[in-house]
């Protein structure tokens, strides 16, 4: 009660049900105060300091409709930014702009889920957008160097995880430069480590295989 507190000008008197405030000119105004028994029933105490601590630790922040709308708009843009950063047109290998991804998200009527992370939702958006436009995760470019003994056998296990083999050289060891889906990186890394007992190496040549310039969608 801002004008009923001890720092307010004038004098205030309280009863269990109401508090009255005396203003200049003698006018009085009432502000409601919770009854002692109501406080005890709700909080187990009528100590206002302890009640405030409970409210601060367990209470929920009330967000206005305008604030909630602003938050959802920001999340929508953050999701579009992640998608634009991670994806390309698979035919041209050019990235899409954030504005274009936002427009595409609106076209599929994507609704932001405030309780899910933007990264999770970005992956969901990519899956949905694949149904309406040419889009996929930008490929990573890797180099494998594998011992000759395990190289050929391991290559067959790696094939299903490789999108494109750009270069292959086999002398004393097997060297492969290839493109992969980023989602396969961990599996490839673990496979090379386990099959070669740490003798094979994996090098990331580029995180995104993209062409210069943004993709335009008419």
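Using N, Cα and C of the backbone, Cβ positions are placed for all residues, glycine too.
According to TrEMBL, the domain 'Ribosome maturation protein SDO1/SBDS N-terminal' annotation covers 33-68. On the 0 to 100 pLDDT scale, the model's mean across the domain 'Ribosome maturation protein SDO1/SBDS N-terminal' (33-68) is 78.
Positions annotated as domain 'Ribosome maturation protein SDO1/SBDS central' by TrEMBL: 77-138.
Among the features that TrEMBL reports, domain 'Ribosome maturation protein SDO1/SBDS C-terminal' is placed at 140-207.
What TrEMBL lists as region 'Disordered' is 1-20.
Break the domain 'Ribosome maturation protein SDO1/SBDS C-terminal' (140-207) down by DSSP state and the numbers are 29 helix, 31 strand, 8 coil.
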